[in-house]
Amino acid sequence: MIVTRFAPSPTGYLHIGGGRTALFNWLFAKHHQGKFLLRIEDTDRARSTDAAVDAILEGLKWLGLEWDGEAISQFQRKDRHAEVVAEMLANGTAYRCYCTPEELDAMREAQKAAGQQPRYDGRWRDRDPSEAPAGVAPAIRLKAPREGETVVKDHVQGEVRVQNSQLDDLILLRSDGTPTYLLAVVVDDHDMDVTHVVRGDDHLTNTFRQIQIYNAMGWKTPEFAHIPLIHGPDGAKLSKRHGALGIEAYRDMGFLPETMRNYLLRLGWGHGDAEIISTEQAIEWFTLEGIGRSPSRLDFAKMENLNAHYIREAEDARLVTLTTPFIEAKIGRALTDVEKDRLRRSIPGFKPRVKTLIELADGSLYLFAARPLAMDEKAGALLTAEVRGQIGALAAKFAEAGEWTAGALEAIVRDFAEANGLKLGKVAQPLRAALTGTTVSPPIFEVAEILGREESLSRLEDVKNHG
Ligand code: GLU
């Protein structure tokens, strides 16, 4: 069975690159009816926080990337990591190194002075343990091969190799008994039966060292796929300067999770020229070979266009649920059931017009505004004393409407405009101002229908009477 994993370090939110890595692992597992596991790499106690763990779990859930089984804490597995190192000591693939930090510093300085790459010179590799200085707790190092080469056959990068003479004997267990990151990752991936490691290509150099640990334990290495990083719209490596790095920022900007899945998929993976790819389709098509080799660039306009598509496709009731919190945050109170119903009936009018849930929330605020409506500048300017009189006359006609539908109301406005020798726009635009407090909205007769008879007439009365 195919087993993948996502292994974030909980030092901050789930960033967009992490979201993409998780997505690729999830899709690959789904494509093969395998398992997608989650491991929290919380061994760096100083930088790992519970809040970051929660943010990551929440981000993954929001993206719809559910993992199989319980999330695993790497830190809690530290005894198992130490146990493996004990096995390596026993089988002769690891050794104790008694160098003090001062000694290591001196080694590094001397190498630098001689124009060499600083690296551990292996001085305790073959030394007799009886020479161990008293009172120094040893670190445990891998007895890495010195000859030959280590090769990564990567599904994205191809065959990448390094001469073993270039790699020094890495530390497996620090002198305080804590496992190093490189060791922990290998032991965990092995114990979790991970078959495919899909991660950012910033980890490629770690892979050589990890393969050496697999070999030392006689374990089968997983397959690897190292994904190129994401760059900002300007082509530079993604950084804080580009803003909006956390997945939750996209949720808060009113993007739908299916938009993000589609967008992140296309960010570094392709299938012909397909741009709009549903999650079902993605599961069917996903292969590691479809991952591109060059870094991809964020393109916010493209993300918005995709979001507009998925908003059009979404069910009205779901959009109401998703938009309600945005509206409630803006108006500072909960929506009533009547208002939610108004919102639901207004959704079809918004679907062709909005790119984000925020635009939908903003556009719908007139539905929930307290009377008398606050007029924006343009709307206020339109409603002169004369125009307010005209609104009053129109309101009287509306009050007689047999049925309160967009069609019936439009007919009344047309008759009214004709009877008064006015162009339709000269009546419709002030009507829009009176009903919404703005000069832009979905089609105004639909707006009136959605507001309903009572609310519409009251708003028109307000305009007639106030000024
Ligand atoms: N914890 C690492 C990170 O967040 C990932 C390690 C891995 O995937 O092997 O970058």
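Glycine is treated like the rest: Cβ placed from N, Cα and C.
Same-chain residues lying 6 or more positions outside the region 'Disordered' (115-134) and placing a CB less than 8 Å from one of its CB atoms are 95-99, 104, 107-108, 141, 143, 168-169. Sequence annotations record features per position, and here TrEMBL assigns region 'Disordered' to 115-134.
The compositional bias 'Basic and acidic residues' annotation in TrEMBL covers 120-130. DSSP places the residues of the compositional bias 'Basic and acidic residues' (120-130) in helix, strand and coil in these numbers: 2 helix, 0 strand, 9 coil.
Same-chain residues lying 6+ beyond the ends of the motif ''KMSKS' region' (237-241) with a Cβ under 8 Å from its Cβ atoms: 16-17, 229-231, 298. Annotation source TrEMBL lists motif ''KMSKS' region' at 237-241.
What TrEMBL records for Lys240 is ATP binding site. When secondary structure is read from DSSP and collapsed to three states, Lys240 (ATP binding site) falls in the helix class. Counting every protein chain shown, the number of other Cβ atoms lying within 10 Å of the Cβ of Lys240 (ATP binding site) is 7.
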